[in-house]
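As recorded in TrEMBL, the features of this protein are as follows:
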COMPBIAS  338-355  compositional bias 'Basic and acidic residues'
DOMAIN    37-323  domain 'Sugar phosphate transporter'
REGION    334-362  region 'Disordered'
TRANSMEM  34-54  transmembrane segment
TRANSMEM  66-87  transmembrane segment
TRANSMEM  107-130  transmembrane segment
TRANSMEM  142-173  transmembrane segment
TRANSMEM  179-202  transmembrane segment
TRANSMEM  214-236  transmembrane segment
TRANSMEM  256-274  transmembrane segment
Amino acid sequence: GFSAAALAWRRGRGAAVALPSRGAAEAEMSEFSVVRAVLSCLTWSIASSGIIFLNKYIMDVDGFRFPMALSCLGMTTSSFCSYVAVVHLKVVPQTVEITRKFWFGRALPIGIFGALTLYFGNLAYLYISVPFIQMLKGMTPVITLLVGVLFGVDAFTTPLCASLCVIGVGVAISSYGEAAFVLAGFVAMLAAETAEAGKVVLMQKLMSGMKLHVLEGLLCFAPPCALALAAGVLALELDGMLTVGLPKMAARPLLYATQGLMGFVVNLLILSVIKNTSSVTFKVVSMMKNVAVVVGSIPLFGADVTALQAAGYTVSMGGFALYQYARAVQPQGATHQPLKEKSARKGYDDHLHDELSDDADGLLYEREEGVGYDAEKGRGPASV
């Protein structure tokens, strides 16, 4: 009697507590994925915008007018954090053995161009407003394509040329409408974008076929970049750093420690966005973030954005949308294509419009083209 009652109770319990259907479970997972994607995009947007505003505050308001030292601080922090994460904590497998040949033949040249990008990008903050800097970043695809064609890693197509012409017109209108145009700042931004284009080409030439996680990429390239910046500090900014810069850092250590960590954190957040969404979503979110930075700079720093500038920026953003479309639909083999676009791997995205003159903001690899930053476990260490 007891066994029969127990069996009946179990049957009744099983009938009462039905397992969720497969469809319900998939719907729940889908909702979780959407929430995770939204949180990833929101967190990255806040952090990426925050580092722009923080650098402007440090250099303009706090009076730390040493762009090379500020860039060096960010790269030194990224070097240390990536070393601890990869070598000691083994967060990701180390797939490349950093030999002397690799360091001098690949890492150092790329690091030097990265250092130039960071330096000139930060230098621009001393002369021109944050909105104008964001608008000038629209020229990055134009310069990158020109340098890529010059060195044989890219090619012109009619849709690309048309979109780049639209971008150029928009940037020209924005520059003409700038109320406080300073030639030195304008030249600094062009130099940053040219150095960035050179770095992209070097990445394509020297790193083709390699798959690096973003942390391993930082481990390879942040140290030589930091070393090049440190050499620049010794040559150009040493006296000022000893008399003014170091006392400012000692007076507000938390501020400068935050600046040093932000670039590293933003690089990791980019990886999170790409994993939880897609490269297309990242580019759309990035465009929206750029607009938010322009608008946010007005109350934060009293930036003056004229109607003509706003119109020019709108034109250049439209041109960039056309540029992305032209890149997406161009035939296979028409230009050099990044490895990650040729496979289904999720990895480190190269966003060509914006993010590495947020290099000015301490980033090093937010926009590389031609290297697959593989987020999955890779090979064992290989000598290069």
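Every residue gets a Cβ built from N, Cα and C, even glycine.
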Subject >> the transmembrane segment (256-274) touching the transmembrane segment (34-54) per 3+ Cβ pairs under 8 Å rule >> reply: yes
**OP:** For the transmembrane segment (66-87), could you work out the same-chain residues 6 or more beyond its ends whose Cβ comes under 8 Å from its Cβ atoms?
**Re:** 55, 58-59, 94, 114-115, 118-119, 121-123, 125-126, 215-216, 218-219, 222-223, 225-226, 229-230, 232-233, 236-237, 240-241, 244-245, 256, 259-264, 267, 359-364
